[in-house]
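Everything on this sheet refers to the single structure shown next.
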Amino acid sequence: MSGIIDASSALRKRKHLKRGITFTVMIVGQSGSGRSTFINTLCGQQVVDTSTTILLPTDTSTEIDLQLREETVELEDDEGVKIQLNIIDTPGFGDSLDNSPSFEIISDYIRHQYDEILLEESRVRRNPRFKDGRVHCCLYLINPTGHGLKEIDVEFIRQLGSLVNIIPVISKSDSLTRDELKLNKKLIMEDIDRWNLPIYNFPFDEDEISDEDYETNMYLRTLLPFAIIGSNEVYEMGGDVGTIRGRKYPWGILDVEDSSISDFVILRNALLISHLHDLKNYTHEILYERYRTEALSGESVAAESIRPNLTKLNGSSSSSTTTRRNTNPFKQSNNINNDVLNPASDMHGQSTGENNETYMTREEQIRLEEERLKAFEERVQQELLLKRQELLQREKELREIEARLEKEAKIKQEE
């Protein structure tokens, strides 16, 4: 089926001008998930150093700050199509006992890029050099546990899926056998379906899509989550094989681009060739338009804005002791005995509690929206002030130039 991807990629290339393309992808995963190695493998060169922040069993630290690191790489394929790939790495994600700040940092970054577009669209004269920083795709790396999603995985996709195209990826899939990998994929997709998590599943319009694209998208859906293998090493194999990027084992060298054992090549082609424009269009026409409509109408920008304050998420185990009410899919209720002993009072208390929780949730939603709109208004005012200062400075420079020219003209006349 990989031939379908190649044919579809060639067809889509002919539909677009051969000019520079800018594409932004965010790589999210816990330390040890292979983010840095995957970035280097994706770009075919050393872009970032491998992470050294893997926590040891004896490490007693509970808080590690998330960092957003941006790298820009220019790629060019065999047909001369240039892609400016903006990569956002997320070292420190999921390495704390309380990971809610990490969610907020990533969410705020994505929202800020939308706000910048919204601000640019509101200007009378737009900046021709304005750079669109919107994140077109988020690759979420899942550790190969052989099980389904952990709580942190569920919460991240639940909270960020309405803002960015999330594609789930099983990293370091060579650590699993074929049967284990097949089971791992099945369990992950069952969790995604069970909790109705919003991921990018290569959507399409049945009335407009061609038969070839339909077959391609359906094939890509069967591969979710993609299973990848990365490597920072390049080996010279000799003969017709030439140079490969692979991983060395006692029994030989594994080619990470071998589609029979890894989905890496298919994922790379989907990201950078066949579905690059689809991801960009979906970001602009669906995700951004939804954000824009809700922001201007004063409604909730995303589904998570109506949730109570985030509680602590365990970044290392799905058996977390988190006490979030009605939002933890992995925690069973422990109030069964109380319900049996005193059902009437419990129902009354539950009703009152739910009403209070709904009221507080609504108040929190309104407060968050007011803060966001206030910050947006302040940013607009600041932009206007800076533009006004630039205009005044420009007028001053023009007056000085005019005065100098007049002075030079008078000197020439006197001579």
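Positions of Cβ are set from backbone N, Cα and C atoms, glycine also.
Record features (Swiss-Prot):
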type	residues	note
BINDING	29-36, GLY92, 172-180, GLY230, ARG247	GTP binding site
MOD_RES	SER2	phosphoserine
MOD_RES	SER2	N-acetylserine
MOD_RES	SER305	phosphoserine
MOD_RES	THR327	phosphothreonine
REGION	89-92	region 'G3 motif'
REGION	171-174	region 'G4 motif'
REGION	307-360	region 'Disordered'
MOTIF	12-19	motif 'Basic motif'
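Sequence-distant neighbours of GLY29 (GTP binding site) (same chain, 6+ apart, CB under 8 A from its CB) are ARG35, THR90, PHE93, GLY94, TYR140, LEU141, ILE142, ASN143, SER171. Counting same-chain residues at least six beyond the ends of the region 'G4 motif' (171-174), those with a Cβ under 8 angstroms from any Cβ of the stretch are 29, 33-35, 38, 141-144, 181, 227-230, 247, 254, 261-263. With helix defined as DSSP H, G or I and strand as E or B, the region 'G3 motif' (89-92) counts 0 helix, 1 strand, 3 coil. Between the listed binding-site residues, namely GLY32, GLY230, the fewest other CB atoms within 10 angstroms of a CB are found at GLY32. Confidence over the motif 'Basic motif' (12-19), given as mean pLDDT on the 0 to 100 scale, stands at 53.
Fewest Cβ neighbours within 10 Å among the binding-site residues ARG35, LYS172, ARG178: that distinction goes to ARG178.
Secondary structure from DSSP puts ARG178 (GTP binding site) in a helix.
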